[in-house]
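Here's the structure, in structure tokens; my notes come after.
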Amino acid sequence: MIQLTAHIRVVRFRRRKQHFKSATTGVAVKNMRNELNRLVNTVSDPATKKVGPLMFELLRWIGHEGANSYASAQQAFDTEMQSFFYLFTRYLAERAESRELDWDRIKSPAADQIVPYDNLPTSTDAQSLNKLAVLKVNGGLGTSMGMTGAKSALEVKDDMTFLDLTVRQIEHLNTTHRVDVPLILMTSFNTHEDTLRIIKKYANQQLRITTFNQSRYPRIFKESLLPCPKSADDDKGKWYPPGHGDLYNALMHSGVLDQLLAEGKEYLFVSNSDNLGAVVDQRILQHMIDTDAEFIMEVTDKTKADVKGGTLIDYDGTVQLLEVAQVPSEHVEDFKSVRKFKIFNTNNIWINLRALKRIMENEGMELEIIVNPKTADDGQAVIQLETAAGAAIKHFRNARGVNVPRNRFLPVKSCSDLLLIKSDIYSLEHGQLVINENRMFGTTPVIKLGDHFKKIAQFQKRFKKIPKIIELDHLTVTGDVYFGRNVTLRGTVIIVANEGQRIDIPDGCILENRLLSGNLTMTEL
């Protein structure tokens with residue numbers, strides 16, 4: 001009897017707790033809905049005397065001028081806020097239910113869910129390229145590298161930017177095979193104006209470029225669960241682009257998806273603009289056509305540097321993407337294990353456009369929510385609700401991963417990555433990076449530059465010229481260090497300038513298997 005009574009108390013407590021959560025969720029939903037309605041009404045507020053920068057951007061995106069602009073802007077903004085509200089209510093519902101992945105049901109992908117690249121067809125039909133469009137996710141600012149504009153405008157190799165290299169690759173593809181592969185750029189409100197300005201210089205190139213803006217969602221105060229902005233034209237810091245998983249909504253709402261289908265495009269190759277290895281691969285396209293795969297995710301073998309990258313899993317017989325943010329804290333080390341999860345997502349994905357249209361119009365696209373905690377400029381805790389593009393794999397038929405060579409994943413996320421790309425390890429062929437044939441090893445050297453090299457301006461100041469590293473295995477540099485011209489690094493080189501010390505590597509210096517530390521001037525080397 002005592003046990004039964006205790007059990008009843010536990011059940012009642014859980015019910016009260018669930019009821020409290022539901023009531024709290026209901027209040028939060030109602031408050032958010034009211035705030036979003038108020039935000040939408042600020043778009044066409046007659047009291048607004050001038051168009052601010054964010055509203056100007058929105059109007060340009062829609063492409064309207066004149067008296068009807070505000071009505072069009074309000075409609076577009078309302079659609080955007082509805083999408084955000086749906087994501088927000090899903091977040092609250094999942095939080096109230098404490099919904100988590102059942103770790104015991106997670107398995108490594110089955111053999112037929114991951115196809116080795118070597119198994120792909122070697123014979124391809126170049127005319128299939130006429131059914132392809134290429135999309136670059138171009139919403140990043142490169143703030144971690146000290147940039148203020150679009151990251152894709154950074155010069156990375158031979159005075160060419162990320163965008164220059166992409167344009168050259170696709171132009172070469174079009175002229176060589178006499179096909180029409182268009183380039184689509186998905187920008188964010190942070191990069192849209194910058195991108196429009198940059199692409200003017202490609203007006204005479206042999207390719208068509210289309211830009212569209214991904215969604216702009218309001219940041220949420222963590223404590224109150226209310227939106228940060230007070231008006232549609234509020235400061236940029238109060239908004240955020242909701243991750244590359246927004247790709248599907250933005251393609252649909254912008255009209256770009258229908259435009260591509262009307263042009264006879266059937267497949268879309270998507271990658272991040274800063275991944276210099278993500279070039280069009282006809283073998284992957286041919287495999288997609290031959291097998292009727294509606295979605296392909298490129299994965300590659302995991303190394304110690306990639307332990308936090310999303311991976312493909314088998315969950316109840318379905319292939320899904322698992323991100324580290326979704327992993328229960330007690331299983332994070334398991335997630336990072338190279339033994340259990342041998343591959344990670346490169347974020348190069350191939351999509352069947354007709355299938356995407358079917359999904360968006362029928363069942364819709366529910367992607368796992370990633371909660372990204374941030375701190376606002378005024379110090380308040382805020383959250384951003386984001387999604388990952390690769391998570392869409394579960395919605396498509398006959399979807400799979402393709403295990404590609406590492407050279408298809410060459411992102412530039414830091415100045416250490418940039419040094420490698422700028423060096424003599426790589427040369428360019430038609431905008432594509434090619435490893436120097438004089439490099440004895442198939443792998444690239446490990447490069448670790450310290451905080452003094454973190455920002456691009458510091459990086460450029462500390463290298464008079466990029467060193468020759470064709471025979472380098474490992475480079476670590478920390479502290480106040482400067483490199484002269486025509487420096488050669490070989491083997492393992494470690495350079496450490498402690499606090500208050502400075503090291504200058506002189507012009508023409510050759511360092512092979514050396515450890516340098518302390519105060520060193522050019523004459524001492």
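Note that the numbers count up from 1, one per residue, in the order the chain is shown.
Glycine is no exception: its Cβ is also placed from the backbone N, Cα and C atoms.
Quick look at what TrEMBL lists:
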type: BINDING; residues: LYS151, GLN214, GLY243, ASP274, LYS413; note: UTP binding site
type: BINDING; residues: HIS244; note: substrate binding site
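Feature annotations (TrEMBL) mapped to structure.
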residue : record                 : CB count, 10 Å
LYS151  : UTP binding site       : 25
GLN214  : UTP binding site       : 27
GLY243  : UTP binding site       : 23
HIS244  : substrate binding site : 24
ASP274  : UTP binding site       : 22
LYS413  : UTP binding site       : 15
Distance between LYS413 (UTP binding site) and HIS244 (substrate binding site) at the Cα atoms, whole Å?
-> 16
When you put HIS244 (substrate binding site) at the centre and draw a 10 Å sphere around its Cα, which of the binding-site residues LYS151, GLN214, ASP274 have their Cα inside it?
-> GLN214
